[in-house]
């Protein structure tokens, strides 16, 4: 019975020591942090090509920093990777133009990015949709 109690006590001491070390590390990170509150961040610049891992530079008074960032490879370049939008469903296909459109309302601007409040996106109607429409027309005539 004694070895079991000794092991339990040892485990509790190790757990307490680990928690104390984590707390000390967290306090150290806070002390290294900046007192400056008004940071201005630039855009995320990818290391290669136009997406993937990269860096963003920020400045506040005399201080400057670089943060790691990531640009998704499916981002819409004209909106910027730091502008997040909530999009509605795609509208119907226009017979005149052959495109369908939808709008997006700004949800969040990251790192003080300058974003448009509302954006509009259009894309061509797919051949698959046209084929489905023709198939439906044919079935109704029988």
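Even glycines carry a Cβ here, placed using N, Cα and C.
As recorded in Swiss-Prot:
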type	residues	note
DISULFID	36-60	disulfide bond
DISULFID	44-69	disulfide bond
DISULFID	51-73	disulfide bond
DISULFID	83-115	disulfide bond
DISULFID	93-125	disulfide bond
SIGNAL	1-21	signal peptide
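Here the features listed in Swiss-Prot are placed on the structure.
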residue: 36; record: disulfide bond; contacts (Cβ under 8 Å, 6+ apart): 60, 61, 63
residue: 44; record: disulfide bond; contacts (Cβ under 8 Å, 6+ apart): 54, 55, 56, 69, 70, 71, 81, 82
residue: 51; record: disulfide bond; contacts (Cβ under 8 Å, 6+ apart): 71, 72, 73, 75
residue: 83; record: disulfide bond; contacts (Cβ under 8 Å, 6+ apart): 106, 108, 109, 110, 113, 115, 116
residue: 125; record: disulfide bond; contacts (Cβ under 8 Å, 6+ apart): 93, 94, 98, 99, 100
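Comparing Cβ neighbour counts within 10 Å across the disulfide-bonded residues 60, 73, 93, 115, the minimum falls on 73. Cβ neighbours within 10 Å of residue 69 (disulfide bond), excluding its own Cβ and spanning all shown chains: 18.
DSSP gives residue 60 (disulfide bond) a strand state.
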